[in-house]
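Lifted from TrEMBL, the feature list:
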type: DOMAIN; residues: 173-310; note: domain 'PROP1-like PPR'
type: REPEAT; residues: 190-224; note: repeat 'PPR'
type: REPEAT; residues: 225-259; note: repeat 'PPR'
type: REPEAT; residues: 294-328; note: repeat 'PPR'
type: REPEAT; residues: 329-363; note: repeat 'PPR'
type: REPEAT; residues: 434-468; note: repeat 'PPR'
type: REPEAT; residues: 469-503; note: repeat 'PPR'
type: REPEAT; residues: 504-538; note: repeat 'PPR'
type: REPEAT; residues: 574-608; note: repeat 'PPR'
type: REPEAT; residues: 609-643; note: repeat 'PPR'
type: REPEAT; residues: 644-678; note: repeat 'PPR'
type: REPEAT; residues: 679-709; note: repeat 'PPR'
type: REPEAT; residues: 713-747; note: repeat 'PPR'
Amino acid sequence: MTLAHVVFKPQNPFLIHLIQIFPLSHTLPHFLLPLYSITRQTNRSYYSSLPSDNLVTVNKLISIFTQKQPLSLVSTTELTNFGSKLTTDVVETALKSFKNWKTALRFFNWASTQNGYHHSCYTYNAMASILSGARQNAAMKELSINLIKSKCYMSAGALGFFVRCLGGLGMVNEANELFDQVKELGCVPNNYSYNSLLEAISKSGSVDLMAMRMNEMKDNGWKPDKYTLTSVIQCYCKAGKFEQAFEVFQQIDELNWVDSYIFTILIISLSKGGEVDKAIYLINKMDDFKIILNEKTFYVLIHGFVKEGKVDYALTLFKKMQTLGFVPEISLYAVLIEGLCKRKELTKALQLYSQLSKMGIHPDVNLLKALVSSLSDEKEMMSLLKEAKDYLNKTSMTTLCNAALITLVKSGSIDKAYHLIQSIMKDYDHVPLDASSFEIVIDGLIDKGNLDVALDLFNEMDQIDCKRSLLLYNNMINALSNEKKVEKCHELLKEMKDSGFPPSQFTHNSIFGYYCKVADVAGAIDMLHEMHTHGHQPWIKHYTLLVKQLSRISKVAEASNFLTIMVDKGFLPDMIVYSAVIDGWLKIGELDYALKMFKGISGNKHCPDVVTYNTIINGLCKAKKVSEANDIYQEMIQKCLIPSVVTYNLLIDAYFKNGDIDQAIGFFKMMSQKGRNPNVVTYTCLIDGLCNVGRSDEALVIWNEMCSCTSPNKIAYMALVNGLCKCRKPDEGLIYFEEMKEKDMNVDSYVYVALIEAFVSVSNAAMGVCVLRKMIGDERVPDLGDKNCGILREVVVKLLDDELVCEEIRRLIEDGSVPIHLVQT
């Protein structure tokens with residue numbers, strides 16, 4: 001039995017639908033080729049072979065189901081009458097006549113409900129073919145379920161066809177399940193059924209499932225054939241198991257079954273899988289079999305080789321394709337030229353371009369862009385532009401020109417880009433430029449620092465009547481502003497207005513930014529007026545810079561007046577700048593002015609943020625007005641602002657310094673209640689404060705708590721060591737001092753001094769001398785101007801009076817280890 005003799009009914013529509021799916025024989029899967037001629041002949045006569053009454057029914061049904069009105073509006077009697085005339089032939093014929101899958105499915109479902117009518121395997125296959133062609137997986141799955149529920153008889157051939165439809169949609173699991181369910185209903189699969197299932201499985205790469213079904217096929221007496229092994233190869237390729245695929249290929253070769261289709265599967269799969277060398281080996285091996293690739297395969301492989309960077313192999317295939325008489329389309333030339341350009345193989349790319357020119361084929365602008373973007377010489381670019389002008393329109397020519405300029409600028413060849421645009425300007429009638437062309441080169445010149453050349457080129461645009469753009473004006477004004485050429489900025493501002501370009505927010509802020517940078521308040525105010533007229537907002541970064549600069553040079557009143565003018569002109573300054581001015585007032589000791597501005601912020605429709613509150617709290621704390629600082633804190637809470645860790649740190653430190661230890665600790669505990677985790681600064685404040693009042697044990701508890709959640713820094717260590725020394729516990733302080741040394745922390749001189757003084761104060765002069773030696777060795781002896789120098793001098797005097805260590809101190813003085821300024825009064 002051949003595949004052509006699979007049990008099909010002579011005029012069955014799913015055979016006929018092969019013509020709809022595969023209009024050309026070379027697109028049909030190989031194992032269906034024997035059916036192709038039968039199907040073609042059957043399709044010509046099938047429609048006309050229906051009885052005339054059935055043809056009338058078909059036409060009426062098509063008319064009803066293709067009209068726009070819902071079925072509910074069609075006469076029930078009319079539909080019932082047609083329902084009684086339904087046959088599987090009528091349904092099949094109607095199904096294949098619908099152009100829309102939804103209409104076909106609606107008709108199919110309606111037919112299912114008609115009394116006395118039952119779908120056959122052929123109508124199910126006709127519907128499956130339509131859904132598969134329309135890529136409707138959900139509807140196809142439901143159709144499969146309904147097929148099994150209907151217990152419709154399926155022949156082996158019909159089963160194979162339905163499975164193929166599922167496989168075409170990648171529904172491998174559904175195909176596999178349906179195959180078993182139909183077998184349970186009494187269908188005995190044949191080799192075509194199995195080959196159809198194996199073909200579906202091959203598309204998923206399920207090697208284990210493929211092996212299981214092949215064994216089942218053999219057990220049922222069906223010997224694997226060429227089509228079986230073809231599916232196996234495809235499955236291995238899909239799974240990326242190319243070695244196994246080659247083994248199956250060898251089996252097919254031994255059986256003399258190798259054909260172009262098998263070669264194509266392997267070669268394309270290898271190419272897509274990155275196994276380019278193996279693909280090339282097979283291409284060369286095809287000559288031994290006197291098999292040639294088809295045109296489509298050539299295209300796929302060339303695209304694949306270029307994508308994998310194997311452009312030389314792609315070129316070899318391209319030449320072979322030409323030798324075989326195929327005429328490559330321009331798209332293939334484009335792929336190769338672009339691939340060569342990426343590899344900087346310009347000679348080969350230009351050779352292909354020359355081939356196109358000789359054939360009279362004009363490449364499009366995209367191909368030319370790829371080519372021109374690979375050139376590095378402006379003369380070569382100009383030559384290509386002149387050649388392209390004969391067949392590209394002006395818009396495309398400008399695009400091509402800009403691509404050349406962008407290439408040169410991006411590669412850093414600004415001078416070449418400048419020379420190219422100058423050359424083009426001389427031949428402007430043939431190679432048009434636009435504002436974008438000048439933007440590319442002028443931006444490059446500005447970035448390189450050639451502002452004067454950029455300005456000259458900007459002015460030369462008038463020579464070719466090239467209209468400038470807003471972007472070009474903005475870029476020039478911004479560059480001039482950065483170079484402090486504000487007079488020229490104003491000239492261009494006037495020019496752009498006269499040319500019909502209203503300044504943008506960027507334009508005004510470029511000039512405004514200059515005045516802010518140089519702290520020119522009068523100029524900044526003039527620009528504020530200009531911006532107000534045009535409805536533009538000044539940028540925060542600019543006026544914040546101005547205010548900070550004024551505050552830095554103690555011109556806080558001027559900064560404050562500037563903010564007032566901003567508000568008067570309708571601008572609402574950002575809280576950042578208010579915080580900067582408040583901080584400025586505080587730094588020059590003007591707490592009252594700072595408080596006045598702080599309280600006035602709310603009147604300007606502003607709500608101070610946490611940073612602003614922290615700024616004023618810091619000022620009050622430094623002025624030792626801790627109670628007022630607490631009032632500001634309470635105000636924050638009332639306004640539903642969440643104090644930051646900085647807020648608590650400021651208050652904790654202030655209360656400790658004010659001697660209110662319990663209040664400081666209270667704020668520390670409050671941090672946890674408010675969901676604020678203490679940081680190293682918080683712990684350092686606590687440790688320092690507790691030690692200052694002699695509560696070193698509590699300080700050590702806090703230290704251990706800190707170590708459990710974060711790593712102490714140098715400042716924290718020094719605060720603890722210094723604090724323990726104040727509490728006359730230098731032995732404990734020395735332990736943490738050594739920890740610092742182990743962690744390679746540079747200890748400040750005051751810590752050494754604190755340890756030496758503490759040891760001397762507890763009558764442990766020997767340890768005091770030991771720490772002194774460490775200080776000398778670590779080169780941490782305080783300079784004469786250091787306040788710790790006086791403390792250390794007094795300690796050295798005490799050591800000289802100590803009988804146990806006085807000789808050692810004298811030796812250190814004599815050999816110069818102890819600087820002379822520590823012993824001279």
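Cβ from N, Cα, C; glycine included.
Automated prediction, rather than curation, is the source of TrEMBL annotations.
Long-range contacts of the repeat 'PPR' (329-363) within the same chain: residues 299, 302-303, 306, 309, 311, 314-315, 318, 370-371, 373-375, 387, 391-392, each at least 6 residues beyond the stretch ends and with a Cβ under 8 Å from a Cβ of the stretch. Same-chain residues lying 6 or more positions outside the repeat 'PPR' (609-643) and placing a CB less than 8 Å from one of its CB atoms are 575-576, 578-579, 582-583, 585-586, 591, 594-595, 598, 601, 650-651, 653-655, 657-658, 660, 674-676. Predicted-model confidence for the repeat 'PPR' (713-747) is 93, expressed as mean pLDDT. Cβ atoms under 8 Å from those of the repeat 'PPR' (644-678) belong to residues 610, 613-614, 617-618, 621, 624, 626, 629-630, 633, 636, 685-686, 688-690, 692-693, 695, 706, 709 of the same chain, restricted to positions at least 6 beyond its ends.
Same-chain residues lying 6+ beyond the ends of the repeat 'PPR' (679-709) with a Cβ under 8 Å from its Cβ atoms: 645, 648-649, 652-653, 655-657, 659, 661, 664-665, 668, 671, 715-716, 719-720, 722-724, 726-727, 729, 732.
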